[in-house]
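Here is the structure we will look at, set down as structure tokens.
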């Protein structure tokens with residue numbers, strides 16, 4: 001049914017062939033997934049430079065007599081001035097100040113996340129998203145300008161990170177709400193798992209860009225991702241369609257699923273199952289009223305998943321901000337790697353994350369239990385981190401293999417909670433199928449997680465001075481606590497499946 005108030009973005013007016021009826025609903029669903037994927041990948045790409053340049057800015061604590069890569073000797077010789085660090089981060093308290101820099105960004109990011117979700121429910125999401133992207137790009141570039149301007153004042157870098165964190169907080173609630181507008185319930189875990197690999201892809205792109213130009217000066221490591229963010233922001237402004245209603249399509253929330261093969265009987269069965277598990281289906285109401293902040297906290301499942309994500313993101317973001325530094329300062333087979341190689345090698349963790357996100361989403365769709373899937377991944381990640389710490393330095397093969405496995409297991413539940421779970425909870429029947437509640441719910445869950453994300457890198461900066469064994473102990477304890485918060489929800493899911501006589505073998509057989 002055509003809508004009375006169509007609101008297509010400028011790019012579709014420039015290219016009318018992209019509008020319906022020339023292009024179908026399925027085409028625009030895919031287009032929205034691609035554009036939002038690129039948008040949030042660019043957000044994460046612009047967050048990687050601080051982790052890549054940490055080993056350049058901070059103190060060099062491994063012995064000068066240590067072996068270095070024989071095939072990169074010339075690079076290391078040319079970067080001897082780089083190894084001297086950059087004031088005010090190269091003193092005895094250098095790692096503390098680098099941790100405080102992460103805290104400045106992530107604390108504002110986490111606080112801003114709550115407000116951004118609240119604002120995102122009430123403003124045009126495309127304009128708000130572009131506002132966040134352009135601002136993030138500008139302030140990422142500004143941090144890099146400190147290199148050419150010779151800035152050595154901690155306050156400058158802290159101020160830039162604070163403002164950048166505020167702009168970055170706009171991204172996640174917006175993209176989740178927009179994707180929620182276009183997606184149905186069926187196979188949401190798999191679709192969201194594929195889509196949410198944007199985090200790892202963005203980390204990989206950011207790491208490669210920042211590491212690739214690091215030898216020319218650490219300022220370039222910020223400028224390139226910042227420019228990329230602005231360019232993608234322009235693409236978003238031109239082509240991103242916020243809602244099917246803007247093009248005259250009926251919302252997928254009104255029984256239009258992304259998998260058109262699902263029959264009405266199975267949809268009804270899934271609705272009953274979800275209600276018993278506390279993760280409820282989208283209703284038929286099309287209410288546009290935004291949900292209250294505290295009302296959203298009281299929705300079933302929101303609090304336990306939010307606090308689970310607190311500890312999950314604490315672990316994930318500690319790796320995000322400190323893994324290149326850890327690799328640089330930990331000998332692999334007796335050899336210390338260069339800044340550039342350490343940065344590029346750290347992408348293996350994110351490559352594992354891509355597979356982990358997809359695998360977690362697929363498994364959660366098959367067994368129809370998000371919490372159970374998350375707990376299994378979390379508990380398996382504990383021995384994976386232990387093995388990486390103990391055996392990762394034996395050889396390059398062991399380092400890469402265990403880093404990949406750790407990334408797979410750590411990022412799986414983190415991805416699942418921030419996408420499929422947030423979308424499930426934000427579109428349940430208690431809010432009348434109101435997609436406008438989705439930005440608030442996703443902001444609460446990811447905002448709470450981001451508090452942990454702010455705490456993790458800060459603690460790592462302080463604890464690492466006592467040794468990396470202490471850091472890994474903190475990470476393992478956090479994973480254990482994250483799993484504890486989901487036990488009650490997982491028990492509910494298991495009881496629901498057992499009562500229905502539908503569990504692993506039935507689900508697999510039905511697929």
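Using N, Cα and C of the backbone, Cβ positions are placed for all residues, glycine too.
Here TrEMBL flags 34-494 as domain 'Major facilitator superfamily (MFS) profile'.
If you look at the transmembrane segment (25-43), the same-chain residues 6 or more away from its ends with a CB under 8 A from one of its CBs are 18, 129, 133, 136, 168, 171-172, 175, 178-179, 182-183, 191, 195, 198-199, 201-202, 205, 225, 228-229, 232-233, 235-236, 239-241, 244, 247, 249, 252, 256, 258. Residues or ranges marked as transmembrane segment in TrEMBL: 25-43 (among others).
Per TrEMBL, the feature transmembrane segment maps to 127-150 (among others).
Per TrEMBL, the feature transmembrane segment maps to 156-182 (among others).
Summarising the annotation, TrEMBL assigns transmembrane segment to 220-242 (among others).
As annotated by TrEMBL, transmembrane segment applies to 302-322 (among others).
Taken from TrEMBL, the feature transmembrane segment applies to 342-360 (among others). Same-chain neighbours of the transmembrane segment (342-360): 51-52, 55, 189-190, 193-194, 196-197, 199-201, 203-204, 207-208, 210-211, 214, 319, 323-325, 327-328, 373-374, 377, 399-400, 403-413, 415-416, counting only residues six or more beyond its ends whose CB sits under 8 Å from a CB of the stretch.
The transmembrane segment annotation in TrEMBL covers 372-391 (among others).
What TrEMBL lists as transmembrane segment is 397-417 (among others).
Under the heading transmembrane segment, TrEMBL lists 438-462 (among others).
Under 8 Å from some Cβ of the transmembrane segment (468-487) lie the Cβ atoms of residues 304-305, 307-312, 314-315, 318, 322, 326, 330, 371, 374-375, 378-379, 381-382, 385-386, 389, 410, 413, 452, 456, 459-460, all in the same chain and six or more residues away from its ends. Annotation source TrEMBL lists transmembrane segment at 468-487 (among others).
Same-chain neighbours of the transmembrane segment (127-150): 39, 42-43, 46, 49-50, 116, 119-120, 156-157, 160-161, 163-164, 166-171, 174-175, 178, 217-223, 225-230, 232-233, 236-237, 240, counting only residues six or more beyond its ends whose CB sits under 8 Å from a CB of the stretch. Of the candidate ranges 156-182, 397-417, 438-462, 397-417 contributes the most Cβ pairs within a distance under 8 Å of the transmembrane segment (372-391). Long-range contacts of the transmembrane segment (397-417) within the same chain: residues 189, 192-193, 196-197, 199-200, 305, 308-309, 312-313, 315-316, 319, 332, 345, 348-353, 355-357, 359-361, 364, 370, 373-375, 377-378, 380-381, 384-385, 387-388, 391, 445, 449, 479, 482, each at least 6 residues beyond the stretch ends and with a Cβ under 8 Å from a Cβ of the stretch.
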